[in-house]
Amino acid sequence: MVSRRISEIPISKTMELDAKAKALIKKGEDVINLTAGEPDFPTPEPVVEEAVRFLQKGEVKYTDPRGIYELREGIAKRIGERYKKDISPDQVVVTNGAKQALFNAFMALLDPGDEVIVFSPVWVSYIPQIILAGGTVNVVETFMSKNFQPSLEEVEGLLVGKTKAVLINSPNNPTGVVYRREFLEGLVRLAKKRNFYIISDEVYDSLVYTDEFTSILDVSEGFDRIVYINGFSKSHSMTGWRVGYLISSEKVATAVSKIQSHTTSCINTVAQYAALKALEVDNSYMVQTFKERKNFVVERLKKMGVKFVEPEGAFYLFFKVRGDDVKFCERLLEEKKVALVPGSAFLKPGFVRLSFATSIERLTEALDRIEDFLNSR
């Protein structure tokens, strides 16, 4: 028998639906899969070429569990310059995607029963990871009427002696909203006053369509109470390469490195050198293309009378539906061959998530089918 804690953890709903859509496509069905949490662009050619070059050298060996020094140094330099922070490579740990960076952070910080505050709608893997690490979860709901912006007052009201961290995700998955500077400033002050960590997942920070984006690093003085999470999957279309990273105090980074040394040993060596090259690659063409797609989907859904908050980042649009969102997605896939993710997967029933990480041509066809489906209900 498998352990109780694993039995109680659901499979990732987004991964499950993505696999279901791909299975139908493999059978020859004309399914438009808008569940994907990954860019549809190929990995930039210079990155692929660097991986090939490194493979041909034949030096594919274990690396430091924290990641190769050159990559940690490059990340520290880039993030340090962007946010005017003095960051040492020893504060950086390279991980198997940002997802492992998050899991390692929870494992490093949480004792049994420690609480993490999260905001709903919430990405599908946060809560299972916290539970697997022995923590408990307190969910703060956000609302479309308030543009899915979190409330500092609600956070303060929920703080208890076992609160170890507050987890934020901006730009947000699934809503696409960007958290306001005033909230982040207040959260930093509160963390210092009440002695908790802020874990900030900013994996979509390179895909922003507003001038108002604020990172937690813009408003924090240092890394004593901060764990910053990012990666290369979304910024450089490297989802399958599995390279993410964590930046925090040296104390937290050392703890995370210890975990990694006993789990994965290190990150794929070839992927690390590919990521090092990616630091030199401009991704502005991706941002512009996603912005055009976002604008297209927004205008089309407005004409359809659909209610939503316009995304400011990432590549998702989270819109309201009538009735059961799970049945909505099941019927849409069955009748119109369009795959979306129900809001219930993000603890927000009554909504669905659409990914616009595909071509305008396919988005046009998908929205035509969705409109037909809505009109037939």
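Cβ coordinates are placed from backbone N, Cα and C, and glycine is handled just like the others.
Summarising the annotation, Swiss-Prot assigns L-aspartate binding site to Gly37, Trp123, Asn173, Arg353. The annotation N6-(pyridoxal phosphate)lysine is assigned in Swiss-Prot to Lys234.
Distribution of Swiss-Prot features across the structure.
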| residue | record | DSSP class |
| --- | --- | --- |
| Gly37 | L-aspartate binding site | coil |
| Trp123 | L-aspartate binding site | coil |
| Asn173 | L-aspartate binding site | coil |
| Lys234 | N6-(pyridoxal phosphate)lysine | coil |
| Arg353 | L-aspartate binding site | strand |
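Sequence-distant contacts (6 or more apart, same chain, Cβ under 8 Å) of Asn173 (L-aspartate binding site) comprise Gly37, Trp123, Tyr204, Ala314, Tyr316. Distance noted between the C-alpha atoms of Lys234 (N6-(pyridoxal phosphate)lysine) and Arg353 (L-aspartate binding site) is 17 Å. Note on Lys234 (N6-(pyridoxal phosphate)lysine): other Cβ atoms within 10 Å of its Cβ, all shown chains, come to 26. If you draw a 10 Å sphere around the CB of Arg353 (L-aspartate binding site), it holds 27 other CB atoms from the protein chains shown.
Other than the site residues Gly37, Trp123, Asn173, Arg353, same-chain residues with C-beta atoms no more than 8 angstroms from the centre of those residues' C-beta atoms, the L-aspartate site, are Thr14, Val124, Pro174, Ala314, Tyr316, Val341, Phe346. When Cβ atoms from all protein chains are considered, those within 10 Å of Gly37 (L-aspartate binding site) total 24, not counting its own.
The number of other CB atoms found within 10 A of the CB of Trp123 (L-aspartate binding site), across every protein chain shown, is 24.
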